[in-house]
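Per TrEMBL, the features are:
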{"type": "BINDING", "residues": "166", "note": "substrate binding site"}
{"type": "BINDING", "residues": "196", "note": "heme b binding site"}
{"type": "BINDING", "residues": "197, 241, 249", "note": "Ca(2+) 2 binding site"}
{"type": "DISULFID", "residues": "42-118", "note": "disulfide bond"}
{"type": "DISULFID", "residues": "75-80", "note": "disulfide bond"}
{"type": "DISULFID", "residues": "124-317", "note": "disulfide bond"}
{"type": "DISULFID", "residues": "203-228", "note": "disulfide bond"}
{"type": "SIGNAL", "residues": "1-31", "note": "signal peptide"}
């Protein structure tokens, strides 16, 4: 046996195992994400994405939260593969996404700008991942290095969206389980839940809480009832963080201690259970929240990416090539 090498005719059989090992390592490395994936193929990709995000968030602060959520709802359904952007397959219209997930037009606009400078190079999945980071930064949150090189899926899954995306009705154990199924610890789940320091939620997602639950500040509940009637007004909006809804900070956790979590699942993080201590820790040390959130976002962005020859680079994010 011989193992060929570009700088020599062949490597003796005694080195075959070693050569094959290195070949395997190189093959594995090529299928991994990297921070400089577009350094030569599309050097202006990241700045183009940032410009598009900054413009969108400047026009509407809420869009920052929407783009962050878009990434989360993409990654929790068969990995970060831009499946949520496909019109076909039903994922867009699955229960957790229909009339709820936003920002598609922002991603489409950014994609068209990137296609002009580097046709067929940058995936929609990578654009969604970078846009989530840039959105957080635009609202005063931490930055992180986004690993790149994802490719886009050719299918979407409504069934997986319905089963894997955690609903706002979950108990603490349900939340821990839902995130554990994706490889996250309870601490990472709390950190990622801190994304609710920005953005808004629809009346239909918190109506039961403000009319039927007792683990809620009474004046807070009353004020919400004026925006969210017991019947009708399903799409009326209220901020997830009543204190500073357009700033990425740790006020979300302070609200939980005051029993002012908007969603049932929010208040579950501080309800006499195992995550109370972590909520208090993020209140006393906001820097640790920022660090933990950034690290958890990197981990989320690494969920089952399509790399190498898998998937495709969609020309239009809403449909396959």
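Using the three backbone atoms N, Cα and C, a Cβ is placed for every residue, glycine included.
It is 249, among the binding-site residues 241, 249, whose Cβ has the fewest other Cβ atoms within 10 Å in the structure shown.
Less than 8 angstroms from the CB of residue 203 (disulfide bond) sit 227, 228, 229, 233, 234, 235, 236, 237, 238, each of them six or more residues away in the same chain. Listed in sequence order, the residues of the same chain lying 6 or more apart from the residue listed as 'heme b binding site' and placing their CB within less than 8 Å of its CB are 240, 241, 252, 262, 263, 266. For residue 197 (Ca(2+) 2 binding site), the same-chain residues lying six or more positions away in sequence with a CB closer than 8 A to its CB are 240, 241, 244, 247, 248, 249, 250, 251, 252. The number of other Cβ atoms within 10 Å of the Cβ belonging to residue 118 (disulfide bond), over all protein chains shown, comes to 15.
Residue 75 (disulfide bond) is surrounded by 27 other CB atoms, counting those within 10 A of its CB over all protein chains shown.
Taking only the Cα positions, the spacing between residue 75 (disulfide bond) and residue 124 (disulfide bond) is 13 angstrom.
Taking the centroid of the Cβ atoms of 197, 241, 249 as the Ca(2+) 2 site, the other same-chain residues with Cβ within 8 Å of it are 194, 196, 198, 243, 244, 245, 247, 248, 250, 251, 252.
The Cβ of residue 317 (disulfide bond) lies under 8 Å from the Cβ of 82, 85, 104, 107, 108, 111, 124, 127, 152, each of these being in the same chain and 6 or more residues away along the sequence.
With the fewest other C-beta atoms within 10 Å around its C-beta, 42 stands out among the disulfide-bonded residues 42, 124, 228. The Cβ neighbour count for residue 80 (disulfide bond), using a 10 Å radius and every protein chain shown, is 29.
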